[in-house]
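Engineer: Here TrEMBL flags S476 as active site, proton acceptor. Residues annotated as Mg(2+) binding site in TrEMBL: D88, D130, K131, E450. Among the features that TrEMBL reports, domain 'Dihydroxy-acid/6-phosphogluconate dehydratase N-terminal' is placed at 41-356. Taken from TrEMBL, the feature domain 'Dihydroxy-acid/6-phosphogluconate dehydratase C-terminal' applies to 366-556. Residues annotated as N6-carboxylysine in TrEMBL: K131.
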Amino acid sequence: MSGNELNYKNNRSGIMVNGVGRSGNRALLYSMGLEEDDFRKPIIGIANSFSELVPGHIHLRDLARDVSDGILEAGGIPREFDTIALCDGLCQGHSGMRYSLPSREIIADSVEAVVEGNQLDAVVMLASCDKIVPGMILAAARMKIPAIIVTGGPMLAGNCDGYTNICLSNLREFVGQYQVGKMSYEELRKMEMASLPTVGSCSMMGTANTMSCLAEVLGLTLPRMGTSPAVSSEKRRLARASGKRIVAMVKEGITTQDILTRSALLDAVKAVMAMGASTNSVLHLMAIAHEAHVDLTLEDFDRVSREVPYLCNLRPSGQYAVDVLHANGGVPAVLRAIEDKLDDHITVTGHTLKENIAAQPLVENDVIFPRSKPKNKEGGIAILKGNLAPDGAVVKASGVKPNMHVFTGKARVFDSMEDSITAIEAGEIQPGTVIVLRYEGPKGGPGMREMFLVTALLVGRGMDESTALVTDGRFSGSTRGPCIGHVSPEAAAGGPIGLIQDGDVIHIDIPNRSLTMDVSDAELAERKKHFKPVVKATSPMLKKYAALVSSADKGAVLQVK
């Protein structure tokens, strides 16, 4: 072969090796053990978020090997690289939580940089937890190449002293029980040791499992990937099959641009409602739509929530852990239950979503309720608006007890999560209070921390039937109770939540989708004249984030002019 004939392939990665001028590139690849024949094969990236700091990611090194084996078997060249991962559970309740949501964009940027920098033909992305799965999806939406996601899978639930299906969300609430004398320290410690018996993402339908399930609904994973347990042999087989499938996708030309359509996003919203999924899914789906250049609004969530019933009896709002859902058919079974509501769209299998679930029998039991007798006739998440949240707020209606769906109380205002926790633990919060927790939004936090420790204390102390929480921050996927988050505009952006004063009367009306305060427009205008937003000292990274991030109702995406 002469130098003028060095045209190994027409794939995207051919730009790295074709032609005599790429001699240096080929030498670098030879240095890593590749052979000349390998230059004719598609180069497939494996974006791994393995971490020894994250229970949901500590096993991803093994899954990456299974993916690599599948790629090799199908005739591709696997090349593994890494990105970061944070465990929201370990970041919970301290300043570290400010870095969780910003890490989503860092993950997307880092994967994009490696894939585009090396002109890879396709990528398989390994992720499990709260911000890592959506971060990978954001990267996939940007790059418009063949991509498959392999989720790490949920851990198995714990069982101890008659308690079954124990999840991390239960353990946080047990702390509140201990503080009010309902549980001894010995009992609490025993629960600590038994609650999380395996590796994997936390076993309730929190944000990690929500986003893993939605990756499947969006069409970015093979069927049954979203709920297959971390410690199962099925998970390893699915990882290997994903490696094989990505090579076929290169040949077929199926890219994320074909998959991430408005129909796919709307089907994901419908799954959110049926599963009673995490409110963080609203942020992430809005961000995915932004990167995919798809029109999606909070009004879409509100409309779908009125059309698709809440069916899944899953913790934290229900009885069972996610591994039980998997045993009852997983995501395909949920989609089968709402099949008539689905828009349908192409997936990584080369088939449509409805074709993927065609063989799935209808499941109707106490895990997936029948449509004729749903857990709730409306979806698990509701969008509220009013003079307190002109651009919207989000509540996990499935986690709110019926008697609290309409609630009126007097505001007790805090400018940080820590101050509110101190007040709750000191017994200062009385029945009939609406805790207003502000300056915790994307800009104000900065980083939009989860207020889970606050909500867990309220539930654990039995205050979730007499006290509500309203915040411009967000909540853990394991949150339940009358907790309204994502209030937009946030306080740091001059939103009305920043003008609330102690004693103001606040009305929450989930059925009518309203969040209001008994303060006249004239009084709000007067207060705004004297308004000075609280500015929190923070790191250079978070300052940059605060300067660029959008409001929660737009997905908290970085806006670059």
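Every residue gets a Cβ built from N, Cα and C, even glycine.
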Engineer: Roughly how many Å separate the Cα of D130 (Mg(2+) binding site) from that of the residue listed as 'active site, proton acceptor', to the nearest whole number?
Structural biologist: 9
Engineer: Average the pLDDT scores across the domain 'Dihydroxy-acid/6-phosphogluconate dehydratase N-terminal' (41-356) and report the rounded value.
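Structural biologist: Taking every residue in the domain 'Dihydroxy-acid/6-phosphogluconate dehydratase N-terminal' (41-356) and averaging pLDDT yields 97.
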Engineer: Same chain, not part of D88, D130, K131, E450: whose C-beta falls within 8 angstroms of the C-beta centre of the Mg(2+) site? Give them in sequence order.
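Structural biologist: Filtered neighbour residues, in order: L86, C91, M97, S100, L101, C129, T207, A208, N280, S476, G477.
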Engineer: Could you list the residues of the same chain, at least six apart in sequence, whose Cβ is under 8 A from the Cβ of D88 (Mg(2+) binding site)?
Structural biologist: M97, S100, C129, D130, K131, T207, A208, E450, S476
Engineer: Do you know which of the binding-site residues D130, E450 has the most other C-beta atoms within 10 angstroms of its C-beta?
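Structural biologist: Most Cβ neighbours within 10 Å: D130.
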Engineer: Three states by DSSP: which one describes D88 (Mg(2+) binding site)?
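Structural biologist: D88 (Mg(2+) binding site) sits in a helix per DSSP.
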Engineer: Please give me the CB contact count at 10 A for S476 (active site, proton acceptor), counting all chains in the structure.
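Structural biologist: Here the count is 29.
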Engineer: Please give me the CB contact count at 10 A for K131 (Mg(2+) binding site), counting all chains in the structure.
Structural biologist: 32
